[in-house]
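Chemist: Sharing a structure, written as structure tokens. Questions coming.
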Amino acid sequence: MLDFLGTKQRTHTCGELRAAHAGETITIMGWVNRRRDHGNLIFLDLRDRYGITQVVLDKDLSAEAHAKAEQARPEYVICATGKVRARSQEAINPKMPTGEIEIAATELLILNDSKVPPFSPAEEAIANEEVRLKYRYLDLRRPEMQHNFEVRHKVALAVRQYLSGQGFFEVETPFMTRSTPEGARDYLVPSRVHPGEFYALPQSPQLFKQILMISGMDRYFQIARCFRDEDLRADRQPEFTQIDLEMTFPQQETIFGVVEGFLAAAFEAVGQQITVPFPRMTYDKAIELYGIDKPDLRLPPMTDVRSVFSDEELQSLKIEPGMPIVAIVIPNKSAMSNTQKKAFGKEVEEQVGAELAYLDVERLRTSPQFALLADRIDAAAAAHCKLERVEPDHRLVVISPRLGAAAVSRDTSWVYKRAGQLRLELGKRFAAEHKAFEKKGTAADYQFLWVTDFPFFEWDEQSHTWTFAHHPFTSPHQDDLIAGRLESDQAAVRALAYDVVLNGTELGSGSIRIHRQDVQQQIFRALGMSDDEAKERFGFFLEALQYGTPPHGGIALGLDRIVMILAGASSLREVIAFPKTAKAIDLMVDAPTPVSDAQLRELHIRPTKQ
């Protein structure tokens with residue numbers, strides 16, 4: 001029979017009692033983590049969010065409490081009252097913060113029982129993630145998950161406190177708004193009052209936060225929930241949380257300083273240090289050095305060693321002249337046998353494809369014709385990577401377009417991008433040897449970077465049209481506007497856009513916004529949008545821009561991703577309380593589900609089966 005709590009009150013948590021509390025009479029409450037029955041003595045490990053405390057039920061001390069303990073099983077909810085006593089020296093458990101004490105219970109209440117759980121929260125590793133998600137309330141009891149949400153709380157609190165101290169107002173923007181697709185599909189909400197019309201859940205608060213700047217709010221932030229109906233990947237969720245902010249009259253550096261400030265505060269809140277200010281790098285330079293717009297600075301940059309080749313050497317090696325020849329350094333790669341070298345070379349060639357040639361520098365060194373060339377490549381790569389020389393235990397991979405390759409008609413960025421993919425693949429492949437990704441407990445574990453000056457437009461190969469690289473409310477560079485490049489040279493237009501990157505992961509993206517209606521309409525036209533279409537989709541915003549809109553800009557960073565990195569979690573699902581699967585299903589509540597015909601009729605909807 002279950003007991004009532006009555007007037008009992010918890011005096012301490014299961015994680016706070018220490019040897020200094022010995023002799024005190026206390027009451028703790030929690031879940032039975034483990035139970036060990038030794039006849040007249042029963043040991044219950046009682047668990048709550050704060051830790052675990054051992055409770056001893058001695059039949060000689062209280063037969064009634066001992067009898068209750070005989071009924072208790074894992075995950076029963078228990079209230080235990082008794083005296084704190086120091087454990088004997090041999091019974092101390094150094095692995096537990098409460099390991100020096102135990103509770104000699106004189107009273108035990110069973111407040112609730114439990115079915116046999118499909119897994120125990122005491123288990124350190126649970127292989128089946130679907131079972132964890134179905135029984136999320138059990139999964140969240142696990143210490144690892146409790147830790148993740150402690151980190152999340154501390155990060156969000158630190159961000160709020162920092163931004164509030166910098167004069168930002170936290171303002172909530174609507175969940176139910178109009179559909180203005182920003183690249184992904186909207187989640188739509190049918191209106192009962194307006195048949196055939198729909199609200200949309202926000203993909204971001206983008207236009208509302210810009211309107212807040214038009215409203216004179218000056219500095220806004222929000223821990224914002226966002227929704228995107230897109231194809232899911234391991235690092236995506238249909239609903240997610242971002243740290244969203246906007247400012248009036250900023251320069252890019254103003255925004256950078258604010259972001260660096262709240263990130264430093266957030267990392268410090270969980271005991272981590274970072275180095276500010278973050279380095280800056282243009283998009284073009286990032287592509288040239290790393291082959292990607294979100295570089296991982298923990299690995300050495302790539303080097304274009306084209307200048308060390310003579311025309312005769314290029315011809316002999318059948319390399320396309322005038323194109324990059326990219327050297328990739330893999331640090332601390334141990335020596336390979338001839339068989340391993342052959343297999344390695346084959347693997348590299350498979351990864352880079354038929355258009356690119358792989359040059360084995362060690363093989364060049366053994367050739368009388370190319371031995372000096374190998375030394376020149378080494379010297380160029382070492383200088384660029386700020387090494388005295390390319391050490392013997394470093395592996396140098398050099399790739400370049402083959403003579404006559406079909407792709408050479410394209411711009412040179414494709415070579416850097418392909419080399420960048422190879423650099424990351426090799427970096428992961430040999431991580432155990434170069435140890436660049438291992439944490440050392442210093443600020444160097446977190447390699448931040450600002451990437452700036454992105455292209456404004458991207459060419460869409462499917463539609464054969466230019467589309468926006470960030471979003472259509474990003475301001476182009478002033479010089480590009482004045483030069484008329486929006487109409488004459490769209491590939492050359494730069495955006496006042498910036499990303500903040502950490503260890504090769506994009507944490508956030510932002511920009512200086514368009515604050516003039518004429519420029520905004522010009523951008524819409526450049527994207528192939530007619531004035532009528534722009535008015536239909538964004539008329540309310542174009543109207544607002546006519547009422548003294550100040551220059552403004554902002555950024556949004558993924559809170560879930562920041563917490564995932566700080567908690568050392570392997571997936572966003574580990575830091576979101578009730579996440580969806582890769583198929584956008586909530587296994588715990590079994591959503592989405594069909595709804596009744598009556599509900600559909602109220603919404604004037606008739607489903608069609610595909």
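Every residue gets a Cβ built from N, Cα and C, even glycine.
What Swiss-Prot shows for this protein is this:
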BINDING   GLU182, ARG228, HIS470, ARG513  L-aspartate binding site
BINDING   ARG228, ASP229, GLU230, GLN237, GLU506, GLY558, LEU559, ASP560, ARG561  ATP binding site
REGION    206-209  region 'Aspartate'
SITE      HIS38  site 'Important for tRNA non-discrimination'
Chemist: Work out, from DSSP, the number of helix, strand and coil residues along the region 'Aspartate' (206-209).
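Modeler: Reading the DSSP string over the region 'Aspartate' (206-209) gives 4 helix, 0 strand, 0 coil.
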Chemist: Would you count the other CB atoms within 10 A of the CB of HIS38 (site 'Important for tRNA non-discrimination'), including those on all shown protein chains?
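Modeler: By my count, 8.
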Chemist: How many Å separate the Cα atoms of GLU230 (ATP binding site) and HIS38 (site 'Important for tRNA non-discrimination')?
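Modeler: GLU230 (ATP binding site) and HIS38 (site 'Important for tRNA non-discrimination') have their Cα atoms 56 Å apart.
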Chemist: Can you tell me how many other Cβ atoms are located within 10 Å of the Cβ belonging to LEU559 (ATP binding site)?
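Modeler: Around the Cβ of LEU559 (ATP binding site), 25 other Cβ atoms lie within 10 Å.
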Chemist: Fill in the CA-CA distance, GLU506 (ATP binding site) to HIS470 (L-aspartate binding site), as an integer in Å.
Modeler: 13
Chemist: How long is the line from the C-alpha of ARG513 (L-aspartate binding site) to the C-alpha of LEU559 (ATP binding site), rounded to the nearest angstrom?
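Modeler: That separation, Cα to Cα, works out to 22 Å.
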Chemist: Let me check the 10 A CB neighbour count of HIS470 (L-aspartate binding site). How many other CB atoms are there?
Modeler: 20
Chemist: Name the residues of the same chain, 6+ apart in sequence, whose Cβ is under 8 Å from the Cβ of ARG228 (L-aspartate binding site)?
Modeler: ALA184, ARG185, TYR187, GLN203, ARG236, PRO238, PHE240
Chemist: Across the listed ATP-binding residues, ARG228, ASP229, GLU230, GLN237, GLU506, GLY558, LEU559, ASP560, ARG561, what is the farthest Cα to Cα distance, given in whole Å?
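Modeler: Max Cα-Cα spread across the ATP binders: 20 Å.
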